[in-house]
Amino acid sequence: MEVKGEIYRVSGPVVTAIGLQAKMYDLVKVGNEGLMGEVIQILGPKTIIQVYEETAGIKPGEPCVSTGSSLSVELGPGLLSSIYDGVQRPLHVLLEKMGSFIQRGVSADGLDHKKLWDFKPIVKKGDSVKGGDVIGVVQETVNIEHKIMVPPDISGTISDIKSGNFTVVDTICTLTDGTELQMMQRWPVRRPRPVKAKLTPTRPLVTGMRILDGLFPVAKGGTAAIPGPFGSGKTVTQQSLAKWSDTEIVVYIGCGERGNEMADVLSEFPELEDPQTGRPLMERTVLIANTSNMPVAAREASVYTGITIAEYYRDMGLDVSLMADSTSRWAEAMREISSRLEEMPGEEGYPAYLSARLAEFYERAGVAESLCGETGSITVIGAVSPPGGDFSEPVTQNTLRIVKVFWALDAKLSQRRHFPAINWLNSYSLYKDSLNDWFADNVAPDYVPLRERAMEMLQTESELQEIVQLVGSDALPDDQQLLLEITRMLREIFLQQNAFHPVDAYSPFDQQYKILKAIMKWGDAAMDALKSGVPVTEIIKLESKNVLAKVKYEEKFDESMNAVLAQMDKEFASLRGR
C-alpha cells in the first residue's frame with residue numbers, strides 16, 4: 001500500500017519527509033523523479049530517508065511515496081554472470097535504457113522476467129513442503145544446478161506442480177491454501193536468511209596463493225580481512241582470490257573503489273578459465289559494481305545485496321566466497337550519513353555503531369546446514385583501506401575484532417616489489433589448528449611441521465636483520481649467514497608470486513608442498529655440508545638454488561622439480577666428496 005508524504009528538508013543524500021506513515025527500512029520513492037530511498041530514522045512526524053541516487057535538484061514540497069516493503073533483492077535463476085549496481089539493477093539493462101550515463105529514478109528488474117528456464121520438479125502433488133524445501137531444479141550454467149526452494153516463511157501441501165519452460169515470474173507450483181510459488185523469490189537484504197544450524201569450519205579455502213594457503217589459511221565459511229595502504233595490492237589480491245579460490249560461486253562487490261578496477265574484472269573474467277571446471281570464470285560470478293562516483297548511500301546497499309545473494313546460494317548447499325572491496329568506503333559512507341543526521345560522532349568521526357554494523361555483516365558468513373538439509377558455506381574476505389596504512393584506525397581495529405584471519409599488506413614490501421605484499425610477521429590465522437588434520441590427510445603428513453619450521457626461520461631472519469643492518473652479514477657466524485640465504489629462498493621462491501603470470505598465478509597444494517619441501521631439503525643439505533667443513537661461500541654459489549627459483553614458472557612442474565632435486569643431490573654429493 002502506497003502512503004504519500006512530502007519533502008521537508010534535503011541534506012545531500014539524506015532527505016527529511018513529513019506526513020509519511022512508513023516503517024523503519026521501508027523503501028521510499030523520493031521527489032517527482034521517484035528516486036529510490038530507504039527509511040533510516042523516524043522522529044515523531046518526521047521520517048529520515050537515505051537516498052540511493054543523486055539528490056541534486058529535488059526540493060521541499062515534492063512528494064514522497066512509501067512502497068510499504070523493505071529493500072529486497074530478486075533471487076532465482078539468472079543471477080550468475082550478472083553485473084549489478086548497489087541496489088540490484090542490472091547495468092546492461094540500464095545501458096540499453098539510457099546509454100553510458102545512468103539517469104535518476106530508473107528502475108529495472110534484478111532478474112530477466114522474460115527468459116525461459118527449463119524447470120524439472122522433484123516433488124509431486126500431495127507432498128508436504130516447508131520453508132527451504134527443494135521443489136525442483138534448473139540448469140543455470142553447465143556446472144551449477146540451481147535448486148528452486150520454497151521461501152523460508154511458507155509451508156503447505158502441493159495441489160499442483162508443473163514441468164517445462166517457464167519464466168521466473170510464472171507460477172510453477174500451487175499449494176492447497178492457494179499460495180502460488182514462482183522460481184523467483186524476494187528477500188529483504190538486511191534480514192539474514194534462516195538456517196537449521198551453524199557448523200564449525202573444517203575445510204580450507206584453497207586460493208592458489210602460496211603465502212595464504214601455506215602460512216595463513218582461511219577456512220571455508222571463515223572471515224578474513226586484507227588491510228593495507230594505497231598501492232600495496234589489495235585489489236589485485238582480492239581479484240586473484242575471486243579468480244582462483246575453489247568455491248562454486250563468487251560474489252565480488254566493488255564498494256566505493258575505482259571504476260577502472262571493475263572494468264578490469266569485466267574484461268578479464270570472461271577470458272579466464274576456472275581451474276576446477278575449465279569453464280569461463282564469469283559463469284560462477286556475480287559482480288556488484290558500486291564505484292566511487294556513485295552515490296555514497298548505495299555502498300551500504302551493495303554490501304547487503306551481495307551477502308544476501310551469497311546466502312541464497314549457500315542455502316542450496318554450495319560453497320560461496322564473497323569479496324568486499326573495500327569495507328572502508330562503506331564505513332566512510334556511514335560516517336557521512338551519520339554526520340548529516342547530526343549524530344554524536346565516535347572515534348575519528350565514525351558513528352558509534354560502526355563495530356555493530358561491521359559485525360552484522362561478517363557474522364552472516366559461516367558454514368551452515370540449510371533448511372533443506374544441505375551444508376553450504378560463505379567465506380567473507382573484506383579489504384580495508386586505512387588512510388596512510390595506519391592499522392590503529394577504527395575500521396581496521398573493529399574489523400580485527402570480528403575476523404579470524406588477518407592478511408596485513410605492507411607498503412615496504414610492495415616498494416621492494418615483493419608481491420603479494422603480505423607481511424608474514426604481522427599476519428595471522430586463527431583457523432590454522434582446526435585445519436591441521438585436513439592438511440595432514442589431503443596434502444602430506446609432514447606439511448604442518450614444514451610450515452612451522454619455515455615460519456620459525458622467517459622470524460629468526462627478522463631478528464638477525466637488525467644485526468645485519470648494523471655490522472653487515474659478513475660479521476655473522478657461518479650458520480647464520482646460511483640461514484639468511486635459506487630464508488631469502490623462502491621469500492623469493494615460496495612467498496613471492498606473480499598474479500599476472502599464466503602458470504605462477506595459481507599454485508595447487510601439491511606444488512606448494514613440493515616447493516616448500518625442496519627449499520627445506522636444500523637448507524638441510526646445506527647445513528650438513530657446512531658442518532662437514534664446506535665454506536659457506538661455496539654452498540651459496542651452487543647452481544641448483546637458482547634453478548629451483550625457476551621451477552614455479554614451468555608448465556611441466558613435476559619433471560622440472562625432479563630434475564632440480566637430482567641436480568641438488570649431485571651438487572651436494574660433489575661438495576662432500578672434496
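A Cβ is built for glycine as well, from the same backbone N, Cα and C atoms used for every other residue.
These features come from Swiss-Prot:
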type: BINDING; residues: GLY228, PRO229, PHE230, GLY231, SER232, GLY233, LYS234, THR235; note: ATP binding site
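Long-range Cβ contacts of LYS234 (ATP binding site) within its own chain (separation 6+, distance under 8 Å): ILE226, PRO227, GLY228, ASP325, SER326, ALA383, SER385, LEU409. In the three-state DSSP scheme, THR235 (ATP binding site) is classed as helix.
Every protein chain shown contributes to the tally, and the Cβ of PHE230 (ATP binding site) ends up with 12 other Cβ atoms within 10 Å. There are 19 other CB atoms within 10 A of the CB of PRO229 (ATP binding site), with all protein chains counted. Looking only at other Cβ atoms within 10 Å, the busiest spot among the binding-site residues GLY228, GLY231, GLY233 turns out to be GLY228. Note: the ATP site is recorded as GLY228, PRO229, PHE230, GLY231, SER232, GLY233, LYS234, THR235; in the same chain, SER385, LEU409, ALA411, SER414, ALA421 also have Cβ atoms within 8 Å of that site's Cβ centroid.
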